[in-house]
Amino acid sequence: MAEFPASLLILNGKSTDNLPLREAIMLLREEGMTIHVRVTWEKGDAARYVEEARKLGVATVIAGGGDGTINEVSTALIQCAGDDIPALGILPLGTANDFATSVGIPEALDKALKLAIAGNAIAIDMAQVNKQTCFINMATGGFGTRITTETPEKLKAALGGVSYIIHGLMRMDTLQPDRCEIRGENFHWQGDALVIGIGNGRQAGGGQQLCPNALINDGLLQLRIFTGDEILPALVSTLKSDEDNPNIIEGASSWFDIQAPHEITFNLDGEPLSGQNFHIEILPAALRCRLPPDCPLLR
């Protein structure tokens, strides 16, 4: 095998007992690849490991986990100063893996690992909220976000996507649309939003295509707002994301401002952020990511 620069794998602590992953790493090491492995235990670990990766001089930092792990590692990478910043590699090990799935990362661990180490590094965008928090995939808001956040893990494990509908029915008396005003380039909307999706990537919630036209290197955010008066039909339609839904409002802009008279919550790659005012902007070509040559999210 051709020689490749060293890589550092930042592995989510929940995946440490993954025997196939251990075997894949050992096999690549036997073939001559240098792969350092670090395991996260708490928030902040990923940033420290990225700093260590720079001191080691690795060419790639691999995020081994779900969307949250990819978010942490990519955020740490774009905060690096200077030259020779490592590229991002992706090893999907989470329960949803929305970003990895949408960009075409192989499901097979050995293939995904080889791509993460030896794939072509492409400059991609990220998004930033209120000049602080970042997301690489999507920000989602509305009652759908509250349902997916609050649905018990045991119910999700037992029933999958149906669990969200059941939990939504149980919460019917407390679910209300979010009244808000959203502005962007050549875009202005005000009303009651059942679900809001602002995407650098296309899907969230374990496969829901909320922003099907999004690209990760076009310098734009895609916006989709689901409106409607009846909660139950809206809940079902948002899970199905019907293209013919008359209650879908779309927009595209390099930034969006969102204001609400009450506190609303956005889910940023799995992490909640609450407030009344949000400024969301694209960060063009913020980092390099190793992607397959046929990645559908590249223009």
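A Cβ is built for glycine as well, from the same backbone N, Cα and C atoms used for every other residue.
Annotated features, as they stand in Swiss-Prot:
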DOMAIN    2-133  domain 'DAGKc'
BINDING   Thr40, Gly66, Asp67, Gly68, Thr69, Ile70, Asn71, Glu72, Thr95  ATP binding site
BINDING   Leu215, Asp218, Leu220  Mg(2+) binding site
ACT_SITE  Glu271  active site, proton acceptor
Nearest-integer angstrom distance between the alpha carbons (Cα) of Thr40 (ATP binding site) and Glu271 (active site, proton acceptor): 16
Integer Å distance between the CA atoms belonging to Glu271 (active site, proton acceptor) and Asn71 (ATP binding site): 9
Entries of Asp67, Thr69, Thr95, Glu271 which, being recorded positions, have CA atoms within 10 angstroms of Asp218 (Mg(2+) binding site): none
Beyond the site residues Leu215, Asp218, Leu220: chain residues whose C-beta lies within 8 Å of the centroid, for Mg(2+): Asp125, Ala214, Ile216, Asn217, Gly219, Gln222, Ala252, Arg299
Set of same-chain residues at least 6 away whose C-beta sits under 8 angstroms from Leu215 (Mg(2+) binding site): Leu297, Leu298, Arg299
Lowest local Cβ density (other Cβ within 10 Å) among binding-site residues: Thr40, Thr69, Asn71, Thr95: Thr95
Largest CA-to-CA spread of ATP binders Thr40, Gly66, Asp67, Gly68, Thr69, Ile70, Asn71, Glu72, Thr95, angstrom: 17
